[in-house]
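In what follows, a single structure is set out as structure tokens and then discussed.
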């Protein structure tokens, strides 16, 4: 696809009608020897200042790929973006020159990753890695940047930050490493923070602390937060709205309360039903039947139809659009009414 | 860090003893009586032979002989004397400089060419440049030093001078100063360059796939900085290790190159001494080589700890 690139950076200040970040009909494909893997097939979502969007889905649903496309850190090739827009303050990031994109990356849209041990460079001290943001992007001197790094480590509540600033990543515990990752990502006060499964590698008590920290930092700075996860428990407390992804599409999008109250897509319903509950102790856990879809060869019609208990004949042939249920809610199921009602009975 | 250094130094002791003992035993097992060899064609008087035998501790058990030798080397720097009563250390002193010059020339060429070509290939992975570099390294690995040595000597040393009248690469000897080492240095480095190129390419390709490289990109750093600082710093660790260990290889491998280019180094000396069955010189030369090998490895291990902070605190 031919693209004209520009060097015009996204504006700052007021937003007008534009959302802070809007992903619009995004498609991402990977051209491999085995064929074309359609990882993202028309994803649209928005996030505003101070808002938390949780993107939920199993491995391979395209949630991380979408995030990497926003950051512009996909390996291209093999990845190709044949269609779609990623608008940040009204500017399509996909049309920006690489140079202009580098100006946005890290400074205005930042990202934290799942496994902080492998995501941090093992041969540099954590202080060096955090302060690099200030040295490279703000032209600060080494010592000033280091002071800022200590401040940030304090802010993400790493004990004895001043003593630990010259330690290496492997000398920290998992939770502390993720805090360092967070400190690094918020260093330049980004407007959007993407957290790609930030707590998956951590144990449960630490998970809660990290989520609390993220929520607190978000309140202070009013940044938009995209929280990618497959953990429904993490989502309920912090998210404002949820986008559920399956096979590279959003199958349900809704305010967090609505989804937990009554899901409008069979897949979401299956996810919620498979959470272990105390009152069902001793019974078999509910599991969604079948296997995740093969992205090289997606099922026809609705990608979820081979596993769906609500399947009718037209599900095999017609791709469901994202039906509007209310102004803030949508479901990509031909029979969303039945799913919604069935749950309320 | 201090404890690591001390531990590594202590570990070097058994290696030194093991390696030198092995050489000592092998030379001891060589056929022929050293005292008889001393007299050449003539048959020595039995009493004189016995005196000499006693003087050189040849009647003592092997292990005791080894002890006399190694304690002399370690505590007094005494490598013994050859048949002509010239101290071995004196024989080796001048030759050692030549070999060191040669090995260092080769090492520098290896580092520049190997790392340079490897980086180039890694950054053009899958493209024509990459394929060409990989193919040429394969060629370089396949041709023995003996062949590259003579061919380059003929083409660059002899023919180039005949055709152009320019005397850039001397054919033999060390009379042209450091310039004399260029051609033999390149021949000696040849195979190592090929290995290092491949190692560099693999190491960088591997490193650039790491998660922290993705993080560095996500930090909004330029591609130059991502590769140059975050990538290279990690990719260099195995390369330094290889280069350090290779210094020992190069000094040992200098035997053939020094012989081809007639450089008066310890390789050449070793060749001559084995030919003349000058056992004290052979043992002395190899002991020095072993010492260099151990020293080079020690430096590599220490360097490794400096480069990779994860090693230091184990």
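Quick reminder: no glycine exception, Cβ is built from N, Cα and C everywhere.
Note that TrEMBL annotation is computational and uncurated.
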Labelled transmembrane segment by TrEMBL, one stretch among B:50-70, B:71-91, B:176-196. Can you tell me which?
B:176-196
Tertiary contacts of the transmembrane segment (B:102-121), as residues 6+ beyond its ends and Cβ separation under 8 Å:
129-130, 133-134, 137, 178, 181-182, 184-186, 188-189, 192-201, 203-204, 232, 239, 243, 246-247, 250-251, 254, 257-258, 263, 265
Determine whether the transmembrane segment (B:239-261) and the transmembrane segment (B:12-30) share at least three Cβ pairs under 8 Å, counting only pairs 6 or more apart in sequence.
no
